[in-house]
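Asker: Take a look at the following structure, please.
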Amino acid sequence: MKKSSMMAPMTIMARVAAVLVLSSAAMASAAGAAGLDMNFYGSTCPRVEAIVKEEMVAILKAAPTLAGPLLRLHFHDCFVRGCDASVLLDSTPTSTAEKDATPNLTLRGFGSVQRVKDRLEEACPGTVSCSDVLALMARDAVVLANGPSWPVALGRRDGRVSLANETNQLPPPTANFTRLVSMFAAKGLSVRDLVVLSGGHTLGTAHCNLFSDRLYNFTGANSLADVDPALDAAYLARLRSRCRSLADNTTLNEMDPGSFLSFDSSYYSLVARRRGLFHSDAALLTDPATRAYVQRQATGLFTAEFFRDFADSMVKMSTIDVLTGQQQGEIRKKCNLVN
């Protein structure tokens, strides 16, 4: 039984307050190492966080399904060239950008990022970077979906380069555990970060073609019985009723059925029951440490712990290879174009 996405206000406030306190030390350490500052816009754009929050409330009120995609957009940005908003840049006649590479073709939320950026340009022209906007929007997307909050240190600069072939740094949904660990480690993220950040799959949807090889022709035997044995049989049948073929790239499926608009720990109960959509979800059960974390969270008794862990891991991820200082990057006026 899925829990309701509606929580008592005091419960949410208490949980968020606890996460903020527990994340403070991690934030101070990560921010200082990355050259970021909690008060970076204190004198140049003091209402930056308030403005982003106001816009995010309006955006998610109109389109609540964007919470997951905005979180994913930040993840895909940070794993390629660091958190520099390179994922937002358009392709040019001579270069294909990240957003047009295969792993990013289903990304959504670009217009919402520009909407927030335009509002900030009105308030503080040429001041707030698109990469900082995206980091704040991802945090607020989680908060507004009843998830944890975390302090976002600011001062990122926007990159000037975006290359489609560099998206091979993104962990694919088909990855096994060994590959996932290697790809996270390349970004300074631990096995703990891997299992915790995977919990972000509690939000959003996924196209059938990202996991349909688990439903059809799994080993190449070309038989209806040729399926991924790591996937629960009853769940597999349900997915097959929606995803009719390997080629289906239009049908969407909730990654956390029943609460895909609410940030909670129910993703782990699905994975524990072999009902994670992706190979990468199932891979968490193949390692003793990550399996233990999944099983602990699957009880539903340690959600506050997961919220704290997720906040800490997001702090780490949001500081990957950031550009800072006047000698690096720029402050774009339009997030899809270099100045």
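Even glycines carry a Cβ here, placed using N, Cα and C.
Note: TrEMBL annotation is automatic and uncurated.
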Asker: If you have TrEMBL open, could you say which of C130, C208, C243 makes the disulfide with C335?
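Answerer: Recorded disulfide partner of C335 in TrEMBL: C130.
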Asker: Can you check which residues sit near V80 (Ca(2+) 1 binding site), meaning Cβ under 8 Å from its Cβ, same chain, 6 or more apart in sequence, and list them in order?
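Answerer: Listed in sequence order: S86, V87, E98, E166, T167, Q169, L170.
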Asker: Once D77, V80, G82, D84, S86, E98 are set aside, which residues in the chain still have Cβ within 8 Å of the Cβ centroid of the Ca(2+) 1 site?
Answerer: H76, C78, F79, R81, C83, A85, V87, G159, S162
Asker: If you count other C-beta atoms within 10 angstroms, which of the disulfide-bonded residues C83, C243 is the most crowded?
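Answerer: Most Cβ neighbours within 10 Å: C83.
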Asker: Give me the non-local Cβ neighbours of G82 (Ca(2+) 1 binding site): same chain, 6+ apart in sequence, Cβ-Cβ under 8 Å, ordered along the sequence.
Answerer: G159, I320, D321, V322, L323
Asker: Cα distance, D84 (Ca(2+) 1 binding site) to C335 (disulfide bond), nearest Å?
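Answerer: With the alpha carbons as reference points, the distance is 11 Å.
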